[in-house]
Amino acid sequence: MGCFSSKHRKTQNDGGEKSIPINPVQTHVVPEHRKPQTPTPKPMTQPIHQQISTPSSNPVSVRDPDTILGKPFEDIRKFYSLGKELGRGQFGITYMCKEIGTGNTYACKSILKRKLISKQDKEDVKREIQIMQYLSGQPNIVEIKGAYEDRQSIHLVMELCAGGELFDRIIAQGHYSERAAAGIIRSIVNVVQICHFMGVVHRDLKPENFLLSSKEENAMLKATDFGLSVFIEEGKVYRDIVGSAYYVAPEVLRRSYGKEIDIWSAGVILYILLSGVPPFWAENEKGIFDEVIKGEIDFVSEPWPSISESAKDLVRKMLTKDPKRRITAAQVLEHPWIKGGEAPDKPIDSAVLSRMKQFRAMNKLKKLALKVIAESLSEEEIKGLKTMFANIDTDKSGTITYEELKTGLTRLGSRLSETEVKQLMEAADVDGNGTIDYYEFISATMHRYKLDRDEHVYKAFQHFDKDNSGHITRDELESAMKEYGMGDEASIKEVISEVDTDNDGRINFEEFCAMMRSGSTQPQGKLLPFH
């Protein structure tokens, strides 16, 4: 699978390698003599087109006025041959590609320009490339090879990471220790330290954004997604709500934050690495946010009584509510549990791996089930939502576009930023066609009306259980997911593995209910700010 970066990417390692042992992951800590003297150096001042590397040969002589990257159009196929698809997201597709001149293999993320609707979308893509170029050459960060643009797409060519996702490797091993977790968190916090010393705040740290560089036991862990990252500006307070619900810091929800949010997110990852579940858990994203604001950490439930005090001390320091008192990246790397060998090598309870497996990815079936429930609700149950949809759908097409959503929410008194409106659009758009239909709109908003009663869940289960056998079979799941444009092999395999807790190859009603009552339903990397 490839190292590729996108705010809208689908997990790469669907159906990937699952037989690789876990060792403490190779990492490089920035030596003291190589660290910049100031923690927040100025970002590069070169124009974006001077920062993006492309071959000097065969340039197109005329710069097109429609260019996004600010440089001449080039045909990527002059330099690379595109191979199999690695992943598909909201904005485009990632392929394996081979450099024609050398035969070297890379990952190529092709972003469709017609899906970059707003000026902000285009600026986000430029900034992502700029930051990846700026961080290029640093350990534990994916290398970007070059960026190309033609009339239809922007193509990012980057390092191919064949080792797959972090959690997949941990789960595949079947046994796990604090020492292994310490090696992993060292790599993750090393990325944070590099970013902060080079004047970048990541803003979306989560396990899915880290891949292994190869299938080797000692493969390096690489950060792959900088789509929400920004340059740190002296004295600036950030107010956009960004990130993923489970990993978001309390100050983000208060709309006043800085680089300290990355340490909080890394602390959440550490908690999951040690227990298999996130520290702040609820049945919907509002509940998760409430728990984050409270900041009460459970060290009583299993396996915490058997986890070392040193590990718990580090978790507490990383999940300190006050960002001014929160531990820094450099301090994490100096902590005795990380540096002093205090992390024991004894196996952690195997139940942690089971919980981690259930948690590891977004549950597509749950999102689909919410849409099915929305389609079966009565007018009384959804009350004003139909009117709200009609008011936003100004051209009466039956679907809401990004521009309609932005305009409509502003008219309704919303103060969401462009980034947040875009996140809402992506979260609600189940079939990924770039618009929200009526039932997608209802399913994205109905949680506020507590429409999670048993009869609705049972109706949704019956929708999938076509033969009324009391189980959702693989074929029934495939049929339902294809109906909504989600029926690729990897997605079906992912859903079965997440929901089928008794491992009989099908989903019974109890498993379905447990899934529906679990945590957030929103896509990884996005918050749904529509409460």
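Every residue gets a Cβ built from N, Cα and C, even glycine.
These features come from Swiss-Prot:
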- 48-60: compositional bias 'Polar residues' (COMPBIAS)
- LEU86, GLY87, ARG88, GLY89, GLN90, PHE91, GLY92, ILE93, THR94, LYS109: ATP binding site (BINDING)
- 343-373: region 'Autoinhibitory domain' (REGION)
- 380-415: domain 'EF-hand 1' (DOMAIN)
- ASP393, ASP395, SER397, THR399, GLU404: Ca(2+) 1 binding site (BINDING)
- ASP429, ASP431, ASN433, THR435, GLU440: Ca(2+) 2 binding site (BINDING)
- ASP465, ASP467, SER469, HIS471, GLU476: Ca(2+) 3 binding site (BINDING)
- 488-522: domain 'EF-hand 4' (DOMAIN)
- ASP500, ASP502, ASP504, ARG506, GLU511: Ca(2+) 4 binding site (BINDING)
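Using a 10 Å Cα-Cα cut-off around THR399 (Ca(2+) 1 binding site), the binding-site residues GLY92, THR435, ASP467, HIS471, ASP500, ARG506 reduce to THR435. In this model, the domain 'EF-hand 1' (380-415) carries an average pLDDT of 74. Candidate binding-site residues: GLU404, ASP465, ASP502. Fewest other C-beta atoms within 10 angstroms, ASP502. The distance from the Cα of ASP504 (Ca(2+) 4 binding site) to the Cα of ASP393 (Ca(2+) 1 binding site) comes to 44 Å.
A straight line from the CA of SER397 (Ca(2+) 1 binding site) to the CA of GLU511 (Ca(2+) 4 binding site) spans 38 Å. Counting every protein chain shown, the Cβ of HIS471 (Ca(2+) 3 binding site) has 19 other Cβ atoms within 10 Å. With respect to ARG506 (Ca(2+) 4 binding site), the closest of these binding-site residues in Cα terms is LEU86, chosen from LEU86, GLY92, ASN433.
Annotation for ASP395 (Ca(2+) 1 binding site): same-chain Cβ neighbours under 8 Å, separated by at least 6 residues, are GLU404.
Among the binding-site residues listed (LEU86, THR94, SER469, GLU476, GLU511), GLU476 has its Cα nearest to the Cα of GLU440 (Ca(2+) 2 binding site). The record gives ASP500, ASP502, ASP504, ARG506, GLU511 for Ca(2+) 4. Within 8 Å of the mean position of their Cβ atoms, the other Cβ atoms in that chain belong to HIS471, VAL499, THR501, ASN503, GLY505, ILE507, ASN508. Ranked by CA distance from ASN433 (Ca(2+) 2 binding site), the binding-site residues THR94, ASP465, ASP502, GLU511 have THR94 at the top as the closest.
When the C-alpha distances from ASP500 (Ca(2+) 4 binding site) to the binding-site residues ASP465, ASP467, HIS471 are tabulated, the minimum falls on HIS471. Each residue in PHE464, LYS466, ASN468, GLY470, ILE472, THR473, ARG506 lies on the same chain as ASP465, ASP467, SER469, HIS471, GLU476 and has a C-beta within 8 Å of the C-beta centroid of that Ca(2+) 3 site, without being one of the site residues. Over all protein chains present, the Cβ of THR399 (Ca(2+) 1 binding site) has 18 other Cβ atoms lying within 10 Å. Apart from the site residues ASP393, ASP395, SER397, THR399, GLU404, the chain places the Cβ of ILE392, THR394, LYS396, GLY398, ILE400, THR401, THR435 no farther than 8 Å from the centroid of the site's Cβ atoms, the recorded Ca(2+) 1 location.
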